[in-house]
Structures are given as C-alpha cells and as structure tokens.
C-alpha cells in the first residue's frame, strides 16, 4: 500500500469533514478514468490530474526541536496524580532510543509505532516557546487534507501554515486551541459566510482536549467550511487556497494537568510533544494539464505537461501556443493552449490582449521570416516587395542618395536620378562618378590608360595595371608606350633586367614576318606530338599548306627559322594565321598554339582570345603575344619571362589536326614585329637608359673592363669589373676568365699554381714561390709566423712536416720516444666529444676529456659521485649523479655504489638517495638519522607523524606532539578522542570541566553545564548571572516547600481516592470556593476597567499615529536610496528591540508576582475533611490565576504582533520606494520626521520603564499597560500596509512598462538581425556571381581543354561526359545513345588487348612513349570515374558539380604541365651528358615506333572526335544551366540514373575494368623504370658537379694524391 493509501485509511474524519470528503471521493471515483489521460478516446483534450497521494510520505520534515541531543529522560503521562510514572531515555545517538523527525513521515505501523518527540518541559518546551515542523513538498500540490496523529496528548494550541511558493510568506491554514480568542485572536469554531473571505484561517477547540493521552488524531480538510467548495472549478480563491509548496505545523502550547507549576522535574519530564504520523493528502498541482509528475534532470519534481503547456505546474503556454490566454482546465473544458497562426513564416509569438479582444485570437507573431510583418506575418514590411503571395519578401534596398524614393515597384526596381543606374539606383552609370543628391558626374579619363571608368566616389580613373595618374595619363616607372590597345596600358621595360628606365625608341617601323605560301611551303614542316617528322602538302592552287592525320594524335605545323630567334620586338603584338579543317569533328586542347624558347613554354587553345572554332570555312585567327590574363597563355608568365621567351624563340607550333583522318589547312601566317628604318612607326620598341658598365640599346652588352657576373646567363647576367689581381690586364667579357701569368692560377689569378705558395693577390711577379715540401706537395704559409707548412699529410698525421700524430690520434710516427708506432684513433669508449680538440694524449693515448660523467684512462668508469654503465651505447643510460641526501647520508657523503647508486644511509633512513625516514620515524633534517614518532597508542589515529615536525595525527579533542592529552576545555581521554566540556561561559567558574565532564558552577548556578539558575535565583539580562531573589522571596521558598509537602499529601490522597466507599461533602469548602471565585472575578473586572486609565499614553500614541499618516502622505513622492533608508530602518529596529526587552522584563516580574500570590496562606478549617477541601480550593484559585496570566500574555502577544506588523509595513514602504531619485529637501524632511519618531520612541521607553516598576508592585497594573498597548495595532498597520500596497502597485505598473519596452527592443533587434542576415546573404551571392563572371572565360577554356583531354584519354571519358549532357538536356533520346556507346566500347576491347600485347613487347625500348600511353590510359579511367561522380553529384547539388568540374580542369592542366616539365628535364639531361646522346636518339626513335604501334590502341579515342564541335557548345551551355537546375524532373532523372547504372553494369560485365587494371599495372612498371632512369641521371649530374668542384680545388701538381673514383 502506498503512503497516500495508508494515510487515507488512517484518516477517520468526523463532524463536518466527513460529508465533504464523501462528496469529493464520489466525484473522484467518477472522473478517475478521465483524470488518468489528457485526451479522450477520440484524441480530444480533456482535463487530467496526477494520482492522489500522501505528499508527505518519506519526505524529510525539518523540526526546530528534537529530543536526544544530549540524551535526556522523559516520562509517560498516565493522567493519574501520584502514580509512579514510567520514564525512558531519548538518545539521538542510539537507533532504538532516538525519535527524530524522519519518524513523522515513515510507514505508520500500528504494531510498532515510531514517533517524533521534542524535549520536555524541563528543557523549556512550553509557551511562549514554540516548535516548528516544516515539510518541503518540492513543488506546488493541491492539498486535500493535513492529518496529525499524536503519540502524546494533543497540544492545547497549535497552528498549521502553508506557503504557495517556496520563497513566499507563511499563510495561516488552520488554528487549533482551547483558547482561540486569547491565543490566536480568532473566534472559537467560527465559520465563513457566503461571499466572505474564503482564504481566512479558522480556529477551533474541538481537538484541544488533553485526552486521549495517546493516539489522538487531528485532521484538517482544506475545503471544509468553504462555501464555494462545491463550485471549486470556478473559484480561483479556493484554487489558490488549496495550493501549497510547504506545510508548517507550529506547536505553541502543551496540554497539562496544571501540576507543572510546582516545577517537579519528573512532572516536567512528562510534558512534551510527540507525533507518530504526519500525512498530507493531495495531488501534484498541474492545473488540469498533466496526469503525472516526474523528476527532471535536477531531481526536481515537475508536471509532465500536455495541452501545449509547460512550466513546473503547467502554468504557462508553450512559446508558440499563445492564440488565447492560458487557463486552468475544468471538467467542461481542457482549456488547451492553441497555436498561433503565422502563415508558416514564424515560430515565435506572444499573447496580445488587445488583439484577442478585437479578433478573438491573441497570438501576435514575432520575428516573421521572409521580411514579412503583421500580427500573422501576412504582409511585406515597409520598403520590401514580393512577386507573388507565396514568395518571400525581398528588401527594396533603394539607395537613399541615388533613388527618388526608398520604395520600389512590384519587381524590386527603384526610380533613379540622372546618371545613376541599377535596380537599386546605387551606382553611377559607366563613365560617371561622385554619386550625390543631384546624380552622377561624367568621368574625364585618358582612354589609352584607363578602362573608361572612374572611382564612383572621387572620380579618380580606374587605370590599367601599368598606368598611373588621376586621369590615367602616364606610365608607371619601369613602363613605357601608353597605348589603348594594350590591356595593361603600358609595356614593361625589358632591358634584359638591368634597367627599369626606358622610353620609346626612335627610328623603328612596323615590320611583318609572314608566310603566304605563294611559291612553296616557305620552310614550314609538320611534326607529330612526340617530335617525329610527318608529311606536309603544299597546294599551288590554293596557295596554302596542309597536313592530313591518319591517327588520333595531333600533328603540328612548325614555323621556319625566320619566325624564330630574337623576336622580343613582337612582344605585345599579334601572331595571326588563316586556318580551316575538312570537317567539323574537332576536339580542342590546351596546346593548340605553342611557343617555346629560353627554357620556357606557353600554349593556348585555338579558341582563346575570342577566336572561333575551326570549321570548313577559312577563319583568321589572331593571338596577342602578351602575358595578360585576357590572353590566357598557360602557364602564366611574368612580363619579363614572356619577353625572355620571345628574345630566344626556338619554336612556334600550330596544331593542324583535331580528329582522326582529318586534314588541316594553314595560310597567311603573320608575326608582327619591328625593324630599324622608315615606315609606320613602331612605338612599342624600347630604348633603355643603362647603368654603369652596360651598353647597347637594350643594355645587352658589357662595356670594356667589365665581364658577365654569371656567364651562363648571357645578356641577362649583371656586368661587373674584371678581377685578375694584377696578373693580367684582360678578361673574357662573357666569362670573366683572366689570362694568368707569374705562376698564378684561377679564373681571377687569385691563387698560386700547384707546388707554389704565396699571396697572388699582392699583384707582383714574385707573389708565388715553390713549396719546400718533399715530393713537391702542396703547402701553405702560416699568416702570423709566415712559416711554410705542408697541407696534404697522410691521415692521422700532422705537423709542419707531417711528423706528429693528428688531433684525435696517438702514437710515435718518428720513434722519438721509443719504437716507431703508427698513429691510431683514440680509444675512449665513445665517451668523448668527437668535435672537441685534445681528447687524448697524442703519445700515450690516455683519454683527457671524458664526458657523460665518466673517468678513467679509457673513460671506462663513472667518476666520483656518479653511478651507472659507462659503456652503455645511449648517453642517457650512462653515468647518473648519486644525488645523496646530505641529511640522511653517513658523514654527508656524496658518493654511492658505482653500480647500483645506493648511498650509505644513517639509522632509520631508507631510499636509494637516503631521502626518506622509515615508517614511524621523523626528523631527517637532524643529520643524525631519523627519530621514533612515539605516538600515543590511544590518542593518535595511526601511529604516524609529520616527517619534519614529528607531530602525530590525533583523535578529535586530543592534542600534544604525541597525542598524549586532551585539548583545553575537553575531557574523557579515550580511543574516540576527548569530548568538549561545553561549560556555560557565565555560569561556570572555568570553561575547563572535571574528569567526569561536570563544570564548576558559580554561586546561584546549577546543572552539569552550569547553565541553569538555582532555586530562588533569577537571571537578569542587564546584570549577567543568576541573582538571588529579594529577601521576601525566602518566604515564598519556604511556602513552596510547605506546598510541596502538601502536594505530596494531595497526591497520596488522590492515589487512595478510589479506595473509600463514601463521598465527603463539605459546605464550608464550597462557600470558600465561591468566595475565591468572586475575588478572582473582581480582580479580572478591575483589570478590564483600567484599560483606559492612562489617557496620556493613548494621546501620545495618537500623535504617533497622526505623525505616521503625515509621513505616508509625504513619502508618496519620495524615492530614497537603499543605503540611507537601511540605516534609518536599522536604528528604528534597535529601538523596537529595546522596548521588547523592557516588556519581557515586565512579564518576568508579573510571573514572580503571580507565584507570590499563589503561595499566600489560607486559613484551614479545623474540620477533619477540610484540609482536602482547602487544597482543592487552592488548586482552583491557582487555575484562575493561571487564566488571568494567560490573558495578560495574550495582551503582550497582541502588542508585540502589532509592533512587528508596523515595522514590517514601514520596511515594506521603504523597500518599495528604493531606487528612485531623492532631493535634498525630501531627505531633510524625512530626517525631521525620523527625529520626531525617535523622540516619541524615547517617550515610549520611559513609559515602558514606568510599566516595569508598576509590574513589580502589582501584576494588575502590568495587565492594564499591556491592554493599552494592544490598542495601537489596528490603526498603524492597516494605514501603512494600504499605502505600501498602493506604492507597490505603482512599481508593478512601472515594471510592466519596462518589460514592454524591453520586448519592443528585442523585437527590433531580432528584426535587424534578420536584415543583417539577408544583407550578408546578398553580399555572398554577389561575390559568388562576381567570381563566376570573372572565371567565365577560364571555365570556357578549361571546358575546351577537358574536351581535348577527354578525346585524347579515351572513348570512355567522352561517353561519360555525353551521359551527363544527355541526362540534363534530352533524357529519353540519350538513354539509347548511352547504350549504343557502351556496346561500341565493348566491340573495341579486342583491339585494345592487341595494342597492349604489342606495347608490352616493345616496353624496354620505348619506356618514355609507352609510359605516356599508360599514363593516358590511367587518366582515362580516372576521368571516367570522375565523370561518374560528377553525374551523381549533379542530381544532388549543382554548385558542387561546377566546383568538381573546375577542379578537374585544373588537374588536367597541371598534369600536362608536369608532363612538359618532365620532357624539359630529359632534354636538359641530354645536353649535359653528351656521351649518352646516341642512346637518347635511339630512345626517341624507339618512342616513334612505339607510338605507331600504340595507334591501334587509341582508335576508340579518335572515334570520339566526331562530336567535338557540338560537345564544346553544349559544355558552354552546361555552365549556364548548371546553376538553374531547380526545375529538373527528379522522377525522370531517377529513371535515367537507373538506365545509366544499367549501362555501367553492362560495361563492368565486359571485364573492361580488369583490362584497364592490367594496363595500369604495366603503366606503373614503366613509371618506376622512368623514375629509376631519372634518379640515375640526377646522380650522374651530381657526380659531375662534384668532380668539377674537386678539380677547381686541386693544385697544378700533386705528389701525394689519393685515387679518385670515376663516375
């Protein structure tokens, strides 16, 4: 059974509670099924609730008082006077004796009852001291009942409070008291009338009887007595009333039999609070929008919300469900939150009350997408437009300067001012600048040097690359010849790189180098791509030359010599020719026109520079010889490199064939140049201003006395002065080599010839003399001593005459110290620095410079203070430092065992380096060994101590270095440590107790802790300590002793009361009792009559009230800062506390007076039965006095509550006004009012002092004062609270206004964020479009290069490219073509196999050519896979396809460049290695043969050339169409993709992949052979260079030379 179920069974309601709970139970049974689900069977929302539970079950209750700490005795109340009570021990430290708060909410087992218990009345548990039991539910619950089961008698007075939020105030729920009016100022068993305040707490004495003594129940129903309980769904007041997050039970007063007044300890121990069960029945509050509560990630309870709500209690609508206000679900309506209608353009909205009132829909959309606006995002924002109702709104972006209006038309076009253009009127028209309110002004640019455009802001012209000036009217430094036809504007100075200053040369005219073929072929010839000759045909009829191709490989027209050589004067000019083909089946390449020279090579496709495709009609092609990007020569060269190429032009190649078995016809070839002489001026020829040492028009020669600094560079080399050191007057102007004499040598006569020594740089004929060395070996002169020494001694020897061992060697080569010993290397076990000098003794071989911490004759041991293996190969594994700890080592030795490294340790010291003490020892720093810790066996925790101080680790409360004694103010030394004495600082003579824990008390104090006053002593706050009561109280003490004796007799009589058979009647006793009642009644009447006696005090209080009202009216316009008002409030609070202390003193004096009155002697009758009757009379009088005291206490409580309420209202007012501006006048006025209040407060203190004195004289006067003070409360608290609420309301309105402004700001910010995002997108789109435009020509060229490469690489690549185009343009027709092409490829596989076999037979003889063919085949397959990948990607992302295509084009171009680079490297190797010329020629011949043999393998590739013209145009269209694939028929595309996959499967079935793989394998073998060949060439070149360097360093004669290995 759950906790909630047990609680329900345990609750037995009675009285009015039972009918209401019965009704609620019936209703719950009817709707149980409905409450479980938040939607009915049809999916319609309905009210749902979590299950009914005991919310308190196993929830921790916080109790402010619990017995057992320290252990204490309590007695069970029997209710029979005189009977010996059963006493027990409450000890929180023992499980079976503890009664903690956890027992309040555990399982309530009737057979084994557990309960919470407070301390007894002996410990001060009684009114006015209260105990709070606080239950934190964790979240809001709808509370049905609160039930308490008491283990002792129910309290006389207790209250139940609740909080509706965890940080909110405590609200009274219900009061239970036998004195409702006096204790809680509530009417007993009051009720709520219809229309009354249904959130008020009631009070009843129904459960305040002292019986039963155990097991009494108190059940509080939250809806009992509430008129609207049966209309709960429509009562927000009761919905708030049953809501609680916390429940608090405040126990105010115990129920007693009255015998506690005699302070008998055993009696006091029998009075205490004890509760066995604390149950709270209810449901997790979810407002009808959830059927369960769950724990979140923070282990907090919250509702599992439905109906589009959220929040801990489902108290809010989800962010997008604000179409109507949130409501609590009812039985009639689920009140689910409805979504906002934003037309699909927003996911955010808020509830707009005004919109809801006007339209019935309150969802106001925010952050509308697509630049829309309106409550439902139904219209475009201002200055936006859209073409259709379903389209997104686009910003007009009309320029505020260039447009006539910021609003555009329905197409987004703005109205522009004069000279302004663009849809947005944001830029000047071409040729205009300086956009202003009046429009744009025209530019004034020099058309020769500008693009006819100028800066739209400043009017500064946009110059060509090599032009400068505001109007682009002059060339930049280093450039000349400003002309409009030059895309760069000016031509860079060439001058062979020696000068950057040049001008237009005078005397040059235009000259055309041409071939018209009127007589013959004019020296032109034809080559194949591999360089082999091919036939050329000259037609006398057509007067042109032709070439016919019988294979796929292209053939080139080769220009004659007159077009070659120094053609630098053609830089920037045109090369033109007329060309046609016999059929349009053409496939272009990136090398249709090739220029070579000076080690450089450039090429362009035939259609570059705006030329058209070749056709049957003769077309004139014009190519500008310039490096600008407008003329895409590849690779790109710098201006200097391009002119360098033309300065030594070695080859012009024009491609003649573009497909298999086609012919190409060439005519009218013209190269524009210049020459000296009359004619049309050639302004592009330069005349350089040369620096010193240079001559010639172009600075191409060195003047006399100068030479080339780098002869191999020719005219490009700088000119420097000849350097011959005085041994020659002439030098070669090109190489700079001097014609030396006087036994000198070197290019500059900078050294003596072999066998001679001296300084040839002195410039005399006797600079070089013969060497004095035997055998004529080379020698040198020591600069300082001028001594001649030999320079080529044998290895290991040294000295002026090679008579000594060299450094690093030892021996006696001349036998000067004994027998002859040859020089040998030093033997030091690799423990020396090979780069050091003097590692060993040159005579004995003793090692002198051992490293790695080694020593010994051969560095074969570790030196002192180190250990390890000196012969280890790794230096890190050799000798390491001992690093002995000087404090733990015998005599502080630094040495150790040379092998193990163990140091010699002192006693009780351990570790290799003697750095630690043995366990249980310390003080290593003493240097005498470690000392024993000697920790006390009981006082220490583990016997260990601090290794430095020796301090042991002690048990709690124990101290001393060895843990041998208790700490100060502790006792009980033992294994668990020492316990604190805890002596009271005022009552004990010393804070140190005795061995048994008892403290020595001062006079008047008693108790183990000296924390209680002795009998007939009292505690005085103003004078700390227990003071003896006045002498008159001794009589009271004596009387108390007498009464104790009488009380014992009375208890004895009561115990024997039931043993007699007859009842005793005593008329005298009854009369006396009535007289006592009359006296007490008169006393009460007099106390009530004197309430209005002190009119002076009431007048003062009235003035205080008036003053406070005046302050309230002034404070409505005052706004204080928190700091100032906090100081004032603190001072007022101090005054209130002082007044409370005075009232408390008066209360104690009243208590003393009451006790004295209770002890007044009453004359006893002489009758035998009278003693018993008189005792009863005294008891009755005591009860009356107790009741009067209770009334006085109630008056005090009311006064105190009024004071606190006034202080709270005042503080609330101050907090409400915090943060506002405050003027100096208002501060002064407030200070004045405060001084008045302070004076009044001082008067109140004086009045309270007077009350104190009167209370000492008579208790009745104290009652009068308390009653007067109680009348202060209603006036001040209500007025202050009303004013505070008014100002609080104003602050709340201001907060709502601020929230609205913040919301508007957030809306504006989100709107601007959307605009920013749109602007960024437009900028990115503009950049992308600009890049696309900039790269358009490059893409076209790349497309052409791809087409030519596809034709060259094989039929499969072109077929895949055609598949892509067919899939995009003509799906149905292209499917059949794909299938036919695949079958064609299958039929040609045998021809490929035959070609592979023939190529394999000639592999060794034609490595280069076959390697190229294999590479082509590999690339063919790669391109096929690449095309397949691109086709797949096009279906997903058109932009990715374009990027892949561009990257593929770049890879093809790079591949061609790499092949060309390899060819150039081979040519260089052939030039440098003349002895292999014949082999190279043979290789070229074999390559030609291999090419012939490989033609059959490439027949399929040539067939693909038939459709090259249409392919090129289609590819150009493809670039435009790839960005417009939004309307592609995906179904059709998927169908075509299936057909394509089917065709691929058929190709795979033909085993083409395996055959291509075999070809790839063979290609890899050939590539490896080529790489080996290249490596051999590189090594040979290095060897040659090495030999040349050696030759330069050798003297003319050598008498002791080692053999040189030949390359």
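For all residues, glycine too, the Cβ spot is worked out from N, Cα and C.
The shown structure was predicted, so the numbers you read here are calculated from the model rather than taken from an experiment.
What Swiss-Prot records for this protein:
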CARBOHYD  58  N-linked glycosylation site
CARBOHYD  132  N-linked glycosylation site
CARBOHYD  574  N-linked glycosylation site
DOMAIN    771-825  domain 'Laminin EGF-like 7'
DOMAIN    933-980  domain 'Laminin EGF-like 10'
DOMAIN    981-1028  domain 'Laminin EGF-like 11'
CARBOHYD  1020  N-linked glycosylation site
CARBOHYD  1105  N-linked glycosylation site
CARBOHYD  1159  N-linked glycosylation site
CARBOHYD  1173  N-linked glycosylation site
CARBOHYD  1203  N-linked glycosylation site
CARBOHYD  1239  N-linked glycosylation site
CARBOHYD  1378  N-linked glycosylation site
CARBOHYD  1393  N-linked glycosylation site
CARBOHYD  1437  N-linked glycosylation site
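Cα of residue 1020 (N-linked glycosylation site) to Cα of residue 132 (N-linked glycosylation site): a distance of 28 Å. With the fewest other Cβ atoms inside 10 Å of its Cβ, the least crowded of the glycosylation sites 58, 574 in this structure is 58. Taking H, G and I as helix, E and B as strand and the rest as coil, DSSP gives the domain 'Laminin EGF-like 11' (981-1028) the counts 0 helix, 12 strand, 36 coil. Sequence-distant neighbours of residue 132 (N-linked glycosylation site) (same chain, 6+ residues apart, CB-CB distance under 8 A): 62, 63, 64, 248, 249, 250, 251. Counting in whole angstrom, residue 574 (N-linked glycosylation site) lies 100 from residue 58 (N-linked glycosylation site) by their C-alpha atoms. Secondary structure counts, DSSP: the domain 'Laminin EGF-like 7' (771-825) has 3 helix, 19 strand, 33 coil. Of all Cβ atoms in the protein chains displayed, 13 besides its own lie within 10 Å of the Cβ of residue 1020 (N-linked glycosylation site). Residue 132 (N-linked glycosylation site) falls within a strand segment according to DSSP. Restricting the average to the domain 'Laminin EGF-like 10' (933-980) gives a pLDDT of 90.
DSSP labels the residues of the domain 'Laminin EGF-like 10' (933-980) in these numbers: 0 helix, 17 strand, 31 coil.
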